[in-house]
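Scroll down for the structure; my scribbles are underneath it.
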Amino acid sequence: MSNKDIRVVVGMSGGVDSSVTAHVLKEQGYDVIGIFMKNWDDTDENGVCTATEDYNDVIEVCNQIGIPYYAVNFEKEYWDKVFTYFLDEYKKGRTPNPDVMCNKEIKFKAFLDHAMNLGADYVATGHYARIHRHEDGHVEMLRGVDNNKDQTYFLNQLSQQQLSKVMFPIGDIEKSEVRRIAEEQGLVTAKKKDSTGICFIGEKNFKTFLSQYLPAQPGDMITLDGKKMGKHSGLMYYTIGQRHGLGIGGDGDPWFVVGKNLKDNVLYVEQGFHHDALYSDYLIASDYSFVNPEDNDLDQGFECTAKFRYRQKDTKVFVKRENDHALRVTFAEPVRAITPGQAVVFYQGDVCLGGAIIDDVFKNEGQLNYVV
């Protein structure tokens with residue numbers, strides 16, 4: 001089958017990465033369709049609907065490239081599957097990663113299903129990751145070539161079934177090259193800055209945004225031995241290892257968040273970047289997903305490396321099944337500020353094996369006060 005007989009539906013955000021993704025596929029001769037996903041009804045601080053601006057960029061890019069385009073509304077799916085989860089996690093005192101859930105439930109589920117209904121053979125996105133397809137049909141996901149932009153961390157929950165229908169055309173080139181291609185082609189998004197902030201919601205003031213949905217309950221900020229250091233403005237606004245925004249003055253080392261007590265509405269703080277309370281030996285994680293589950297013997301356990309947050313260096317770990325629903329991940333050496341609600345993502349070299357969501361953190365067999 002030649003490329004012109006293969007239909008690829010590209011998820012287009014109005015950014016440079018998805019624009020170049022569509023261009024590359026078109027150049028390779030595929031039957032390309034661009035789809036803009038509208039997942040949040042939003043305006044920026046100036047009252048401008050950012051989704052409309054982004055969609056206008058998608059229209060212009062698709063016209064430049066010469067491909068058809070559509071907009072699809074996934075607001076209900078996003079609210080039900082991602083945003084509700086996001087709020088529930090904050091209510092539990094955890095720090096969720098909505099991008100992980102957004103990829104699992106929206107970009108590579110709702111969008112993937114929609115694309116298949118359009119007769120797509122594959123979907124493509126502008127993620128910095130790579131797919132390796134074996135002769136027997138199974139696939140592996142590899143880190144993007146641009147180490148600084150690799151996004152496999154956020155894709156860790158994707159299954160073999162999902163990834164077998166996915167293309168990441170820019171995963172094997174550097175970000176600077178993506179910009180160069182966009183400029184060379186005169187794409188309107190060539191100089192558009194990268195989006196940051198919450199998946200699909202953008203760069204809002206996080207505290208203001210969250211307070212619209214969850215009532216804040218101020219409370220005491222104390223040390224682990226009970227010394228009162230001030231007031232916090234609501235546990236949901238703080239994460240483990242956080243330094244800024246505590247408002248604790250005085251001499252000596254900076255202060256850091258080392259735990260939360262939801263029952264008493266207390267935020268625990270201690271002084272010093274390397275305070276002992278910030279370090280742990282192992283974690284328990286649930287909602288685990290592996291790209292090739294049969295390759296990993298969870299009963300015997302296996303060694304690999306892991307990341308506990310985006311753009312963190314890999315750490316050597318040992319992964320073993322804890323029970324029917326959870327994994328125990330033991331670190332080769334203590335790790336600082338592991339955060340319940342975040343993803344732990346597993347690697348063998350460049351291959352992303354999968355990941356899980358961190359529940360509890362332990363030191364010397366005792367659970368830490370990270371979230372109690």
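Each residue, glycine too, has its Cβ placed from N, Cα and C.
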Let me know which member of Met37, Met101, Met141 Swiss-Prot also records as binding ATP at the site of Gly11, Met12, Ser13, Gly14, Gly15, Val16, Asp17, Ser18, Gly126. Met37
I need the nearest neighbour of Ser13 (ATP binding site) among the recorded positions Cys102, His127, Gln342, using C-alpha distances. His127
Candidate nearest Gly15 (ATP binding site) in space, where candidates are the recorded positions Cys102, His127, Gln342 and distance is Cα-Cα: His127
Based on DSSP, name the secondary structure state of Asp17 (ATP binding site): helix, strand or coil. helix
Let's check the environment of Ser13 (ATP binding site): how many other CB atoms sit within 10 Å of its CB? 22
Whole-Å Cα distance, Cys102 (disulfide bond) to Met37 (ATP binding site), is 12
